[in-house]
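Step one of this worksheet: look at the structure below.
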Amino acid sequence: MACLLLGCAVNLAHSQAVDQAFVSAGGSDQQTTTTPTPTSGIWNLRGLKVDKIEFEGVTLEQQQGLVSELPVHENQVLDPASLQEMTRRLYSSGLYRDIELRGVRHGDSVTLIFYGTSRYFVGRIDILEVNNERLTSILEYASQLQPGTPFQEEKVAAGVDGIKQSLQQNGYYQPTITPATKVDEAGKQVDVSYTVHIGPQARVGQVALSGDPGMTLVEFRKRGKLKEKTKVNRDTVSNAFTRLRKNYQKKDRLEATIALEESQYNDQRKQLDYKFNANQGAIVRVVTEGDKISSRQLKKLVPIYEESAVDNDLVNEGAHNIKEALQRKGFFDVDVTASRSGAGTAQETVTYTIHNNRKHKVVSVDIAGNQYFDTDTLKERMQVARADAYNRVGRYSQQLLAADVASIQALYRANGFSHAEVKTDVKDVESDKKKSAQIQVLLTVTEGTQQKFGEVALNGANPARSTEIRGLLNAQQGQPYSLITLSGDRDAVLGYYLSHGFDQARVEVHQSKADGGDSVMNVSLDVTEGEQVFVNKVLISGALKTRPGIVQRQIELKPDQPLDQTALLDTQRNLYNLALFSEVNTAVQNPDGHTSRKNVLVQLKEAKRWDVTYGFGFEAQTGTPQTNCNAQQSLNPGADCKQEGKAGVSPRVSIDVTRINLRGTDQSLSMHVTYGLLEQIATATFSLPHFRNRRNLDAAVSGGYSNVRNISTYASKQLQGSMKLTQRVNRADTLIYDFTYRRVSVDQASLQIAANLIPLLSQPVKVGGPGITLLHDTRQPSPLDSTKGLYLSVQNFFSNHVFGSDVDFNRTDITNSTYYAFGKKSRYVFARSTRFGFIATLGQNPQLNGNTACTSKLVTDPSCIAVPLPERLYAGGATSHRGFPINGAGPRDLTTGFPVGGNGVFVNSFEMRLPGPVLPLVNDNLQVVLFHDMGNAFINVSDIWKSFGRFHQPNEQTCKIFTGVTTGTCDFNYFSHAIGTGARYKTPVGPLRVDFSYNLNPPFYPVVNDYSKPYPQVNGFAGRASHFNFFFSIGQTF
């Protein structure tokens, strides 16, 4: 149409019984609010009764909810002004491209027919035939098409240009781009696809160089890595500039300039030719006088290096940065002046002269005049700090002090002290010249009168909603007046309206002084609600292989509900959490249209169904189990196989293969393989998240094989299958129900126990039964580096012959950890972890059933307890008792001296994590810890309680009797204590950890027979666990 709304010409026809008036309106896709002037044709129908209103082109379903809001209704007298408003209202809904109004007269009545061309909206934007996901996303953005916005053909063509330009930036100069559109009548949207064949990637071609570069063209290309025929990408030129500038900086050419004058693609050679202009500029040397600052530090502080330009502003900024850096190092009264010489010549010098460069120490930071807040509360917000053991000179600079003043003032003003002022007084106390000078910092607070809220009014809100909205307000009469509180209340009210479909809501805050002074402020929140918008349809696209029901269950928005912006974000988050989609876009169709019902778009892009990840890791520690130990005599003599293992590194590699979107669901199948010096594991897992359509339930079925040596005594093999159900009760609590069945065996050639027990304890054993685990985790900020919170783990496993098990027992393992931050700014952390575990054996001991090896004196041998070796409780290692090597604590075989575990375990660890001192290079990222570990593993759980008070191994002299006996006698029922220190270095993936421990009372044990020595052996010896141990890994101990 050539005109908008009612501003078009009118044709009026008259016959005997029928008069028709035609009014056309509409035009471009750009919505307008122009108010048309009624035409004479409409005025001729004035006063007639409207017997019927019809809509053609745009259906009533599309306008559901809109028609009832229009000012003209059936059986009313026609008013042209109301008809004009009705036409404007229809067009502003955004549903029409144009409108034509027809009035059909029937005697004294008229039928109004609104004929319109429906507006279509942008649907999906797909880039086809491009395999690179990152490039696909870039090209989608380059099309500049926004889902949900009005569709225009010319924008599709403009999208081709945008994609072509983006491809050129990435090195593709010969693409073919074919746009296509597909109309979705049900959703009134147009899906746009671009089939892109990117063509060959351009290569670096000829390079021309002009100006005074100070180097040959060959050197220019070499320095910029512009080697001929290398692939061109979006970073080729910028990376070349960076490298060349660094090269110029090394030569002190700080004013060097490099510019790309032209780039031309050659179709025949498929190469991109460049024309650069480079000028090396003058030599600019930056020197310091009065004190020495490293060139590396100068490059960080003086911005002329980064900007590649020399002017007074940058030079003076460098002086300020140097002064700030020196003040933070303790040179608090330093003064830095800058000067330039040789400007405009071939060599220029920038000199920073450092004056009064005497080191100071902050001896006191005091605050006076504060009454409303105590001093500790204010100091928590300060960066200026007095010297202490971790920062020997303290922390002070003019910039830090100014920031502290602003922080304290903001705190006061947030609590009603709008006129609060903070003044500073820094005293320089020059003491003995042999010592550091001292400064004293005093902040004096003038609080002023505290303002409080008076009347808090809420205006403009619907009475049905006002009570609920008032419950969101923090501003209450009599409370301290704060602009921050008001801002938060405004955001809360606005958020409420957005979550209830009022996308045009506005909230304005007005404040005024109450009568009687400025200590009381009256506040009003004036709400303009606007029109409430409801969901018409939720249009989902892109779920090609995923079942619709899987997606639908994640949608938080339903038809006829208010259009909740928060629910829209939650929908996006839920869909991402399925791990089925690489991209989830949500949008509102017709965002600028004034209509009470709108469609919501949920556009998905399915992720690749196969995923392969791999990694490498290692552990370094004392007590690493050895792989050269043999149980059979004289098979490997001289191997030096030690009961405590050896210091070493245990590397491993892992690979994970995952197949997602099984059968169109969120189920997945994964394979995990680990291969290392001490472990070989292969596990397959079938995962069923959201079990039975419940978001807090996950199920999994897994099975696999493992060959692990995590103790020096033996290597164990397991063939295992399990079913697991995980229930997330809330954010902190998780319950895990499982049923496990496994075949456990010990490698006979690796078993370091009494020779007559090897055939017995190396027999395969079937273990099966149900288990349950309770987890309560409130650790913050992360489990890898917690500073506060609590962690509780309770695990129970019940093995019984009813489930096909060869041995009956119940194993319970409980771990409780707490974290407390204290001290100034909560810089100190005290962490505690306690582990208590016990096994209750049921029925007869299978080791005594028809076997003579565990009779007589061997009944008391720890190797003879009923539970199979791999199922027992162990302690010791980097995440347990650090006074022992991995799983090296507790009972031992009384013939070989190797640890064999027990039916009880108790370990308690205390750890004091100190704040990191300020050090060169690492700053405060290196943290020191002090720890104390105590506990042990025990043959029976009843042995734990009577061992609490035992610091020394009882009757240790019996452990040294080995002459004339085939087995020793030794008591391991006592608490072993270890103290130590460690270091933690903060990294993005968690702290790197190294711990050094000293065991105060390591156990003795008899070694009657040593398989690593030639046979026969005449004399045994008394072994003793090592006093010293160290461990290296990632993450905190607990």
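First residue shown is number 1, and so on along the chain.
Placed from the backbone N, Cα and C atoms, the Cβ positions cover glycine too.
Remember, predicted model here, so these are calculated numbers, not experimental data.
As recorded in TrEMBL:
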DOMAIN    122-197  domain 'POTRA'
DOMAIN    285-355  domain 'POTRA'
DOMAIN    361-448  domain 'POTRA'
DOMAIN    452-530  domain 'POTRA'
DOMAIN    535-606  domain 'POTRA'
DOMAIN    661-1038  domain 'Bacterial surface antigen (D15)'
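Between the domain 'Bacterial surface antigen (D15)' (661-1038) and the stretches 285-355, 361-448, 452-530, 535-606, the greatest number of Cβ pairs separated by less than 8 Å involves 535-606. Where the domain 'POTRA' (285-355) meets the stretches 122-197, 361-448, 535-606, the count of C-beta pairs under 8 angstroms peaks at 361-448. This prediction places the mean pLDDT of the domain 'Bacterial surface antigen (D15)' (661-1038) at 87.
Within the domain 'POTRA' (122-197), the DSSP-based counts of helix, strand and coil residues read 27 helix, 27 strand, 22 coil. Broken down by DSSP into helix, strand and coil, the domain 'POTRA' (452-530) contains 25 helix, 26 strand, 28 coil.
Here the domain 'POTRA' (535-606) has, by DSSP, the following mix of helix, strand and coil residues: 18 helix, 26 strand, 28 coil.
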